[in-house]
């Protein structure tokens, strides 16, 4: 473990660096070699050497100098002990170790000639060309000899190219002889065989065209072009991409050879040699691709970082070069060991859950065949025991095809010290997927990740950060994004095998472009002259289709579209293809064009195979052009060619490639394919910038649930195809279901399905060439208010007086709804049938209203609606309120009939308490009645045991006296709405015993709320008693006279026996119950003997209720007589 670091140590570690690093060397065998290595840093510093990655030890052949350099006394190349190889020095102090750049030690040599000059026979005045080629290190210098003497080069007719080619123009007789080439470098000299000049033959053609060449940067290159013809052709050079040739570093050598010195990266491309007959338009073209090899250079270097324990460190290293550099990472001079915490994603080194062991010096090494380059960075780990616990309850919710909402709860410990959260996410499928990170503030516990690929699984976790520490990673959660329509269509490959067919083929879309599982393809085609489109749909696993029965020599337009379960993508642009002509001669079939392969962002490798057949191939013709641009001049290739590299293209462009086979009968059938060049890696000189965001974003509200969003396209080339994504979400809301994403190719969109009277935030981003711009500046707009969509809730109607009801309700369950007033409609059932409602309005702040002057004995219907300034909302369900007849006793508590909109009675706590008390009183009365009955059965035995029964007997005697008085008068007591009991004594029956009347109290029970089963209200006031007492007394004859309305109803009605009245043996008293009638002639009533309050008597087993007096005043109600 490293010792604790002071601030000086933290910021002074960069002192460990190289002052001098070893460089490439080429030496002659047996010479000495010194590889320099001088390091600077905090001492002590130790330096070690490695050869081909293996540590060297000092020996007789290798010595270590005191300053750290490596000394080899005599360089040798003795088999396995050869000193050739790659050397590096490793410098180390207490902070770590760093490795130097790679140095190559080469021993000078010259290999045997690869190409020797061959004898030629040429015509006088034509061109003679000799070639020799040798491999050497360092590169050899080629000179020519004629008959063992140096070839004189004073004449303009003789040209020696740097690559060893000898050209003799306008051959004369004195040029005949033996020619040989001599290759020389610092280590050796080699001589070729002889080439002999003789009699010529003549044929106008390009006899030596340019060849595909690969050259290292800063070197020189020769593109040769020699042509014969009569008259002598003129040779010119151009680039296939129409870019100008560098006039400062390029020159023409001889009659048409192009020489480029100090080759740079921009010299890469396809060069065309054109031989034109003077005065005509006849020409021949030969092409060659120039590839410039470039050693690695760092585009982005890693930066030193200070991270808390359990945090995450990311080192980014990007390099460019040709071929593409390989990037490796070193830790203290040794290759980083990858594990679950330490991973490398596309040249990025990511270290998660940092520990003290990760404190070290890290180096990024970029290397290819042209060299290597390194860059270092330090990771300092800050230890702290006081760190927060992990974020809790992490959960994810899918918003759209590219966005997922992540939410969590704050740590349980030290949550108040958290300064930030970091959100980590990566694809759940596959291995070694790159992990992405987003850092957000501590004022939120949710985050929307909106740059995800559709139809993919992602894994997420959260880390909480304090100033001096970080929590462990939270539990990981996985979530799947929704599918979307494909981002792009597959690229088509077209070819014809006959004049009446087109073979269409394509490759499946990668997951990043398909954005889900492809469910179908649709191929559409038509002729250029006919607008009618024909379409064919194919299954998801189809990759080719043959269009047959077509017209020969006709231009057809084709395009394709792909679909997922979400829908179809935009179809591709129309691609043209001409079917071959019908010919009697044998036309070469189309070549088998393989899938095009982009070599870089500016070059494409085209590979093909000739179709089998008897036709003799004379060559190939290749043509390419960018989509929407005119075709470039075609390139003629040799018969044996099977591949060709197209360079100088623009990145992120779509190109059409066409290829024909040439024969003696002309061009054959055409093969066509489309390909898209990828984007370039960012460089300091030509960075690939993020496209600008849309500007001038504005939003206009056009209804309560929709807005119209507009924006302007940023400054981009007109040929760029762009699309847009608009996002809207309620301000301050993090519910995933409320976030909306809309994709369009227009510069405006109407967003529907919004909530009324809600403030929304709108942003727009642009997509072009697989790049996305940042989100635009946010604009806010509130949707228009709408009329209430729901009625008020919890409608409740409570009867608080006989003619008054209280209506209560709650506001409608709608967000941001401002109610201006409520409308209450109520009507009786009879009025409701006629469609007549009474209207009552209350202000929006009220949730109660009184319904007054209601009619007793009527059922009312009540409903309510809410309104605002926009309009009225719907009415609620109707609530019924039933009112009983009668009036309310003064001083009594009002009756309550509580009915809600759900049709059920709502009983509050007070009502429930009253019910319980009433039930208890009723039970107590039943028990008392039972005891009285028992006492009557057992006679006086019970009286001595229960003293209160004696008092009851005295009351009975008084009642008997009153009863006799009443019978003497012979008056019937009658009140409107009351039941009349008439006592009839049967012949021979004994008089009614007091015990019998006393037992009539068996069914009495006080009901504080009155009865709702009968029309009688059950209340009798003192005022009514006074009114009855004011009437004149009845005459004796009234005993046998009855109102006309009584008629047979009293005489002929069956006797209603009242259960609970005890009757002595032999006595047959009876009570007859008359119906409730109101005879108009009955105007006089017998005065009650006492003012006691009348109580309601309910006799068990009776079919009606009887108004009975207090036991001491029974005669006030009952009328009895003897014969």
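Placement of Cβ uses the backbone N, Cα and C atoms for every residue, glycine included.
Note that the structure is a prediction, hence the values are computed from the model and not measured.
According to TrEMBL, the features are:
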type: DOMAIN; residues: 3-106; note: domain 'Ig-like'
type: DOMAIN; residues: 112-192; note: domain 'Ig-like'
type: DOMAIN; residues: 204-291; note: domain 'Ig-like'
type: DOMAIN; residues: 296-375; note: domain 'Ig-like'
type: DOMAIN; residues: 390-484; note: domain 'Fibronectin type-III'
type: DOMAIN; residues: 486-582; note: domain 'Fibronectin type-III'
type: DOMAIN; residues: 588-683; note: domain 'Fibronectin type-III'
type: DOMAIN; residues: 691-786; note: domain 'Fibronectin type-III'
type: DOMAIN; residues: 791-886; note: domain 'Fibronectin type-III'
type: TRANSMEM; residues: 915-935; note: transmembrane segment
type: REGION; residues: 989-1123; note: region 'Disordered'
type: COMPBIAS; residues: 994-1008; note: compositional bias 'Polar residues'
type: COMPBIAS; residues: 1019-1038; note: compositional bias 'Polar residues'
**Average model confidence [pLDDT] within the domain 'Ig-like' (204-291)** = 84
**Listed stretch, out of 204-291, 296-375, 588-683, 691-786, that has the most CB pairs under 8 angstroms to the domain 'Fibronectin type-III' (486-582)** = 588-683
**Prompt:** Could you count the residues of the domain 'Ig-like' (204-291) that DSSP puts in helix, in strand and in coil?
**Reply:** 3 helix, 45 strand, 40 coil
**Prompt:** Are there three or more C-beta pairs under 8 angstroms joining the domain 'Ig-like' (112-192) and the domain 'Ig-like' (296-375), sequence spacing 6 or more?
**Reply:** no
**Asked** Are there three or more C-beta pairs under 8 angstroms joining the domain 'Ig-like' (112-192) and the domain 'Fibronectin type-III' (691-786), sequence spacing 6 or more?
**Response** no
**Request:** Over the span of the domain 'Ig-like' (296-375), count residues by DSSP class, listing helix, strand and coil in order.
**Result:** 3 helix, 48 strand, 29 coil
**Prompt:** Are there at least 3 C-beta pairs under 8 angstroms linking the domain 'Ig-like' (112-192) and the domain 'Fibronectin type-III' (588-683), leaving out pairs fewer than 6 apart in sequence?
**Reply:** no
**Item:** Per-state residue totals over the domain 'Fibronectin type-III' (486-582) - DSSP helix, strand, coil
**Value:** 4 helix, 41 strand, 52 coil
